[in-house]
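Asks: According to Swiss-Prot:
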- 1-85: domain 'Core-binding (CB)' (DOMAIN)
- 106-285: domain 'Tyr recombinase' (DOMAIN)
- R146: active site (ACT_SITE)
- K170: active site (ACT_SITE)
- H237: active site (ACT_SITE)
- R240: active site (ACT_SITE)
- H263: active site (ACT_SITE)
- Y272: active site, O-(3'-phospho-DNA)-tyrosine intermediate (ACT_SITE)
Amino acid sequence: MEQHLDAYCMHLRSERQVSPHTLEAYRRDLSKVLAYCQKAQRSSWNDLDIQHLRSFTARQHQQGQSSRSLARMLSAVRGFYKYLNREGICQHDPANGLSPPKGERRLPKTLDTDRTAQLLDGGVEDDFLAHRDQAILELLYSSGLRLSELTGLNLDQLDLRDGLVQVLGKGSKTRVLPVGSKARQALEIWLPLRALTNPQDDAVFVSQQGKRLGPRTIQVRLKAAGERELGQNLHPHMLRHSFASHLLESSQDLRAVQELLGHADIKTTQIYTHLDFQHLATVYDSAHPRAKRKGAADD
């Protein structure tokens, strides 16, 4: 059974070209299912049926696994069995028709426009790291990039004259995004400094030694910027979430936001409509003469 799992992971890496983060998550989830099969003395993937999987997910939920994590695991199982069926190893999918336990949907954390301005307009010291970090912050918020898209960005994907960036997203899908004027200015300052490091490849964002920045370095730098400017933790996806929320709030164009984010399914984008409603509810509560004020007595 383990050799089939190894072969599937190799297929995901070489054929599907999934990101290392996604591959690690799939392997972790499927390894849990494999351990369950071995404990239940199932010797083949054909021996796993919907009742086994239902029992397994219920136990995982009781042990504190969130509904979101279980949904991801079931998605991994479906993809795995699709592969097994195509290879002639199995003739069924035990996850077909199985849904994870429903849980409370967590809304993504965002910065409001004032806090975003406070972060980006905090002032930049005249040194290599400060200008690089400012360009990273501006580009993440300007174009709503994923962290993997930012770290994989090369010089030939940037067109500062026309204000465009081409990124390679999930599933090796490319999309072209606008780059705002503030981000362009920050990049125009950063790129000459980058050239002084004698870069080892065409990466847009490099270290002082000219090496491409990895995800962990960017996460650490953004966390430091958040604590310094806002007194709170900041992670790259928070700027992507803020980009989406602010754009939807201003434009009300869900399809356009979906295209900019690179979401295959508009249901993924719809979570930002909940954030927009929260904003509208706040405006209503503060502006409507008949809105119930906090602490006001019931009529």
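From the backbone N, Cα and C atoms, a Cβ is placed for every residue, glycine too.
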Asks: Near H263 (active site) in space, meaning Cα within 10 angstroms, which of the active-site residues do we find among R146, K170, H237, R240?
Replies: K170
Asks: According to DSSP, which of helix, strand or coil covers H237 (active site)?
Replies: helix
Asks: DSSP on the domain 'Core-binding (CB)' (1-85): how many residues come out helix, how many strand, how many coil?
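Replies: Counting residues per DSSP class in the domain 'Core-binding (CB)' (1-85), I get 70 helix, 0 strand, 15 coil.
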Asks: Expressed to the nearest Å, what is the distance separating R146 (active site) and H237 (active site) at their Cα atoms?
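Replies: Rounded to the nearest whole number, the Cα-Cα distance is 7 Å.
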Asks: Which one of the active-site residues (H237, R240) has its C-beta surrounded by the most other C-beta atoms within 10 angstroms?
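Replies: The residue with the most neighbouring Cβ atoms within 10 Å is R240.
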